[in-house]
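Database features (TrEMBL):
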BINDING   A:ARG44, A:GLY75, A:ASP96, A:MET137  S-adenosyl-L-methionine binding site
DOMAIN    A:72-165  domain 'Methyltransferase type 11'
Amino acid sequence: MNASTHPVTPTIDPAEAAHFGRMAADWWDPKGSSAMLHRLNPVRLGYIRAAVDTHWHGNPDTFTPLEGRRALDVGCGAGLLAEPLARLGATVTALDAAPENIAVARAHAVGQRLTIDYRAVGVETLADERFDLVTCMEVIEHVSDPAGFVAALARVLAPDGLLILSTPNRTPLSRLGIITVSEGLGRIPKGTHDWDRFIRPEELAVLLTSAGLRVTDTTGLAFSPGRGLVLSENVALNYLVTAVADSGSS
Amino acid sequence: MTVRMENTPDSLHDVVILGGGLVGITLAIALDAHGLTSAVIDPASPATTLAPGFDGRASAVASAAWRMLGAIGVAARLEGQGCPIAAIRVTDGLAPGGLVFDPAPEDGAVGIMFENRRLRRALREAAEAAPNVTLFTPATPAQVTRDADGVRVMLEDGRTVAGALLVAAEGRNSPTRAAAGINVATWQYDHAAIIASVRHEHPHDGIAHEIFYPAGPFAILPLVDDAEGRHRSAIVWTVAGKDAEGMLALGDRGFAAEAEKKMGGLLGAITLASPRTTYPLGFHHAARITGERLALVGDAAHGIHPIAGQGLNLGFRDVAALVEVLVEAKRLGLDPGDAQGLARYERWRALDTFMVAAATDSLNRLFGLRGRTAAAARRFGLGAVQRLSPLKDRFMAEARGETGTLPKLLQGIAV
């Protein structure tokens, strides 16, 4: 609950800011190497918004459903998700292991006049901070110890908190769609994924349950030729999971 | 960079709209109704644009667009000022017969005729009353900057207006569109439209007439009676480009006599009720309607032949689609200038504007033909138009996929 040990407003060296500003232009370029993430963003934000409104009984027509809430985005990259969470009213902390990502994210947030607490640390390093909303998109398939990672996510979740994860499924379709086609054609930078590390929904559910959480929703992310990436019942390619603290009563 | 320093966050608008015409101002009001902020910048002073002689034109507001004006609180300000079109009568010259487009009772009026100055006044008042609209009128943009961080418009008077998305609603010669390097396909008809309001002896009974002459259509569009109870209509008279000057040079009485002749005594004796204006006819279609933090709406995006009275309605449909995209994006925390939202707007509007432009163009060409065979073809063509509509609707719905849905505002409901 105490964030005073962490500086909220980073001091940016102008030369460094200019350097990362140029990089940010590519990171944030909707046609650049992160094009797939840009297209995915409205879809997964739609999922997050619905989950938030359901969990806290919010009105879906408002613009700041996260007002007064603390959000943590783990594996934030250049801030594609952290910035919308901040616009939705949350006080956002965002973590990424790569310092260069954090620098790019900071530079971009300054341009957008958003205050986001970006830190180049792992979630395990957070001591006594707790968050109402924890998001972790397309990260767990990259970590070496998924169980320990999920336990760390559970630990920073506030008692009435909401955890939302997304990750590719481990199916022949995801191998074809993500590794062979997307990486093969350069839609996603080559070497981004290791299929053997992909986690099936039922495996993730076990990890979450072991960490004291309860899965409340699993929704697929599918590709439709006519409409692009859409939320779907089909979890074969990629999926999103919502979990809450298991109070033990259910 | 000093420009940016001058802006405090509370001077940031969601949308900066260049052009405070009918479409631009409607966009601002519709955004306000949903809690999005906007700034409207227009060099013209409202004292000028609201003056009686400024714009003698009248517009048919289609029923879907009227539902939108209702949903955003503008329709109430226009109560009793519009004339519902009960039916449209299309004839080949003054030959008997022709077609009557008669809407089914449940569909209501085909549209409502308004004098543009009344629309302008109602919209102006609604915009002034809207808490999320800031009007910079008159103000002339000196420099417009769009980049990854946002848009900034420096005005000639030194003020700066900043926002997340720039909307060009500047009309057919949009300088913003040109500066963005967006190509425009144009087709110039060798015709001009002379537009005026007339008073006439007999009531029009809410019927609009499209009388097709070899030189082009002569349209009579019903208006509400004036304060003295005199019957009025707007006329749109298409003449060969070379004849336009001569027609304008005619005295008022001479012009009225010519018009009366063209109308075949349909509404009795005619007198002029407004100054005449002339507009060259053409259609234009921008290759793209979006760019980095930029969206085009209304005539800046597309202009069509006024034969079917669809120009303003296309602009209103742009507004409805863009508002829905922006409101939904804001509910997801996305930046109003986000490329994904703009891509959605582009897809949503592309087919509709092209189909309407193509349909009105072919309709006009059909009536530009001369001779007896052509007249027969026209009569056949008129029937085809009537039959075409449901077919066109179905095709469009199928071809559009997710974008086939009608924007909510056009269904009369808020986003």
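Keep in mind that glycine also has a Cβ here, set from the backbone N, Cα and C atoms.
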Exercise. Same-chain residues six or more away whose CB lies under 8 A from the CB of A:ARG44 (S-adenosyl-L-methionine binding site)?
Worked result: A:LEU81, A:MET137, A:SER166, A:LEU221, A:LEU240
Problem set entry | Where A:ASP96 (S-adenosyl-L-methionine binding site) falls in three-state DSSP terms | coil
Exercise. Which number gives the other C-beta atoms within 10 angstroms of the C-beta of A:MET137 (S-adenosyl-L-methionine binding site), all protein chains shown included?
Worked result: 22
Exercise. Per DSSP, to which secondary structure element type does A:MET137 (S-adenosyl-L-methionine binding site) belong, with helix, strand and coil as the options?
Worked result: strand
Exercise. For A:GLY75 (S-adenosyl-L-methionine binding site), which residues in the same chain are close in space, meaning a Cβ under 8 Å from its Cβ, but six or more apart along the sequence?
Worked result: A:LEU95, A:ASP96, A:ALA97, A:CYS136, A:MET137, A:GLU138, A:VAL139, A:HIS142
Problem set entry | Residue distribution over DSSP helix, strand and coil in the domain 'Methyltransferase type 11' (A:72-165) | 35 helix, 28 strand, 31 coil
Problem set entry | Recorded S-adenosyl-L-methionine binding residues, A:ARG44, A:GLY75, A:ASP96, A:MET137 - maximal Cα separation rounded to whole Å | 19
Exercise. Can you tell me the mean pLDDT for the domain 'Methyltransferase type 11' (A:72-165)?
Worked result: 94
Exercise. When a 10 Å sphere is centred on the Cβ of A:ASP96 (S-adenosyl-L-methionine binding site), how many other Cβ atoms does it contain?
Worked result: 25
